[in-house]
Amino acid sequence: MSFDAFAQQPKLLYLLQGVAAFAAVVSLILLALHRGPVRSRAAALLLLAPALLLLTVGLLLPGLRTLALSFTENGGDSWAGFDNYVWMVTDPRALVALRNTLAWVVLVPSLATSVGLLYAAAVVRSRFRAFALLLVLTPMAISFVGAGVVWKFVYAYRPAEAGQIGLLNQLVVAFGGEPRQWLVDSPWNVLFLVVVMVWTQAGFAAVLLAGAIRAVPGELTEAARLDGASPRQIFWRITMPSIRPTLLVVVLAQAIGTFKAFDIVKTMTGGQFGTGVIAHEMYDQAFRYGETGRGAALAVLLFVLVTPFVAHQVRAQRRAA
Amino acid sequence: MRFGARLALAVTALAALATACGVPQDSGSPSHPAVDCGPYARYGKHPGAEVTVYAENRDREADLFEETWADFAYCTGIDVQYEGDGEFETQIQLRVDGGSAPDVAFFPQPGLLERFARAGKLKPASAGVVALAKQGWSADWNSYATVDGTLYGTPLVANVKSFVWYSPKFFRDRGLSVPRTWSELMAVTEKVAASGVKPWCAGVESAEATGWPVTDWIEDVLLRQQGTDVYDRWVAHKIPFNDPRVIKAMDTVGSILKNDRYANGGFGPARSMASISFQEAGTPVLSGDCAMHRQASFYADMWPKGTEIGPDKDVYAFLLPGADPADRPVLGGGVFTAVFADRPEVRAFQEYLASADFANARMKKGPFVSANRGVDPANAATPVDRLSIRLLQDPGTQFRFDGSDLMPASVGAGTFWKGAVDWIGGASTRQVADSVERSWPSH
């Protein structure tokens with residue numbers, strides 16, 4: 001299986017055509033802007049046109065198609081009205097996915113951010129700050145799939161009479177406990193999956209928050225200290241209000257990412273044992289079971305749920321800018 | 001200037017790399033000494049033609065397939081491009097929807113094949129394939145790839161699922177004999193349990209397919225208790241999933257699998273099986289920590305390296321018995337070939353895969369079972385493969401296909417598997433059967 005330039009020729013040709021088309025469009029626009037009457041609104045529109053076109057083809061149309069599919073069944077063969085949405089709020093399996101997604105969205109941002117904040121506050125004045133942040137950031141370099149595989153081993157179960165291969169159960173056994181099926185016992189298994197996501201995300205929060213804490217003016221804390229404030233008071237009264245905008249950005253970014261949690265669930269339990277989340281259930285329904293309508297309905301729900309978070313994020317950024 | 005120079009260097013390097021990689025590979029002719037192309041003459045010559053194959057088999061299984069059809073490819077001039085993907089079941093739909101369907105696909109489930117046939121994506125089998133199918137397989141086997149009276153594919157692989165793997169030495173040491181009826185099986189079970197060893201091993205963890213070994217157990221017992229007619233009607237949903245006869249079969253399985261005295265040997269309490277992968281679940285048979293492991297013929301590949309299979313070797317298998325010794329119900333599974341393209345080279349390849357020649361050639365390379373009447377059991381790689389082929393070829397065998405593979409995917413690969421796991425975890429039979437019945441799609 002070596003790369004054969006000759007056999008790949010058609011693809012290279014497409015690539016060439018694409019590049020040529022792109023160059024042509026850009027030069028046309030530039031030409032039109034250069035020659036034509038310079039009216040800023042028209043110029044802006046012209047410049048935006050390619051992006052708008054791509055957004056329409058790549059985002060808007062598929063989105064509308066998904067919306068249409070969510071009202072059909074049998075892979076789009078017949079109309080189903082609101083059946084798929086009714087299914088979503090009545091089917092026990094779908095309800096489990098909704099419940100778990102809620103748990104994820106509440107737990108992951110709050111845990112990841114608080115762990116990150118505590119860590120950042122602890123190391124921010126230390127001499128080894130850079131190294132400490134690097135340590136906590138390392139899990140982020142691992143893909144969610146990789147993290148899932150690693151933690152699957154941590155949670156591995158062997159009965160008491162057999163030798164343990166999982167770290168967690170080895171610890172339990174070492175302290176005289178009975179090994180547990182961490183990934184099987186519902187509903188606690190959802191928490192053990194959440195831990196994995198927090199493990200990968202806390203570093204991101206820690207790094208951003210450490211930056212924000214360092215940006216708090218030294219005079220402020222200095223003045224507070226002179227006024228006799230305890231470190232705890234300084235943290236809650238000075239540091240926290242100063243880093244609030246960053247805190248909000250971190251929490252929102254985590255929440256948006258958490259809604260889409262898929263890889264960890266897929267690698268660790270495959271949505272079994274009552275651990276499904278919306279994104280995973282959507283994939284199962286649409287692609288494994290051929291229930292395209294149900295999958296599309298879940299996709300629409302996910303979109304609706306994420307929208308306020310994204311909107312808020314955009315507004316916050318605009319305000320900051 | 002500096003940027004330009006660097007760019008030029010980069011382009012030159014890339015071009016050199018591309019040329020280096022593009023050096024034509026040895027085209028195969030010298031490495032094919034003395035291939036007898038006579039048997040392949042009937043498939044014609046298709047110089048320069050290419051056929052793409054998409055399937056779930058990877059690694060060694062994929063290599064064995066490729067080695068098997070190498071001569072066919074050489075003699076007909078067809079370049080067979082094989083691609084194996086562990087995510088076949090989900091990706092095939094994306095490939096077809098995206099307009100890049102493979103020429104040939106190996107479907108592990110008839111239900112999935114049917115979905116594509118109904119959507120008008122698959123090409124009906126050619127007259128040549130229909131003739132080969134009639135000659136090679138029983139009407140039953142051919143019915144699985146037939147949709148609304150049209151044959152779409154042929155069975156490529158067959159698995160016999162109703163085997164109980166055991167250690168002949170363990171049985172000999174304890175004076176146990178291979179059970180021929182269900183009551184003898186239960187007598188052996190009780191005798192082993194009384195001696196302090198858990199008689200049964202089972203593991204049902206299989207990533208997102210977790211639970212399927214339990215559904216196989218239930219199907220096997222239903223087939224034995226109620227016969228093929230009730231089984232067929234249950235699979236087709238002509239009787240409800242939670243019919244009392246099904247509940248009875250589930251409770252019978254539960255009396256073994258949900259019983260801490262009987263399972264799970266070598267791995268602790270019965271409910272531990274949800275965490276134990278089906279591949280490793282049988283190993284305690286070798287150490288004498290359990291006596292029996294009900295698992296398919298393909299489990300032969302999953303014993304630790306060096307395990308010998310045979311009536312007087314490390315492990316062997318017997319057919320899960322029925323009510324009386326003459327009963328030979330066999331639960332099985334299979335993989336089916338079907339085509340998305342109608343080109344002559346694709347047809348030639350489909351016909352070759354449907355021939356007994358292919359199955360016999362594949363069997364000579366390693367473990368493989370085919371239900372083709374034309375295969376010679378003498379070519380089988382293991383004694384269990386040989387036994388499987390004999391069972392499949394025996395007209396007295398009442399063969400039935402794995403029910404969960406025939407049910408709608410949202411049940412067969414969804415609620416039934418999940419329900420089975422809940423059931424092992426402690427949920428009641430009634431509760432699980434009712435919830436699977438409720439999940440049956442109405443359309």
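Every residue, even glycine, has its Cβ placed from backbone N, Cα and C.
Note that TrEMBL annotation is computational and uncurated.
Positions annotated as domain 'ABC transmembrane type-1' by TrEMBL: A:98-315.
The annotation transmembrane segment is assigned in TrEMBL to A:12-33 (among others). With a cut-off of 8 Å between Cβ atoms, the residues of this chain six or more beyond the transmembrane segment (A:12-33) that come close are 5, 43, 46-47, 49-50.
What TrEMBL lists as transmembrane segment is A:45-64 (among others).
Annotated transmembrane segment per TrEMBL: A:102-124 (among others), in sequence order. Away from its own ends, the transmembrane segment (A:102-124) comes close to residues 132-133, 136, 190-191, 194, 197-198, 201-210, 213-214, 235, 239, 247, 250-252, 254-255, 257-259, 261, 277 of its chain (Cβ-Cβ under 8 Å, at least six residues beyond either end).
Outside the transmembrane segment (A:131-151) by six or more residues, the chain places 116, 119-120, 123, 195-197, 199-204, 206-207, 210, 262-264, 266-268 with a CB less than 8 A from a CB of the stretch. The feature transmembrane segment is assigned by TrEMBL to A:131-151 (among others).
Long-range contacts of the transmembrane segment (A:190-213) within the same chain: residues 100, 103-104, 107-108, 111-113, 115-117, 119-121, 123-124, 129, 133, 136-140, 142, 144, 147-148, 151, 155, 182-183, 239, 242-243, 246-247, 249-250, 253-254, 257-258, 261, 264-265, 268-269, 274-275, each at least 6 residues beyond the stretch ends and with a Cβ under 8 Å from a Cβ of the stretch. Taken from TrEMBL, the feature transmembrane segment applies to A:190-213 (among others).
The annotation transmembrane segment is assigned in TrEMBL to A:234-256 (among others). For the transmembrane segment (A:234-256), same-chain residues at least 6 beyond its ends with a Cβ under 8 Å from one of its own Cβ atoms are 105, 108-110, 112-113, 116-117, 121, 201, 204-205, 208-209, 211-213, 215-216, 220-221, 224-225, 306, 309-310, 312-313, 316-317, 320.
Annotation source TrEMBL lists transmembrane segment at A:292-311 (among others). Taking Cβ pairs closer than 8 Å, the transmembrane segment (A:292-311) reaches residues 63, 66-67, 69-76, 80, 83-85, 87-88, 94, 97, 101, 252, 255-256, 259-260, 278-279, 281-286 in its own chain, all 6 or more past its ends.
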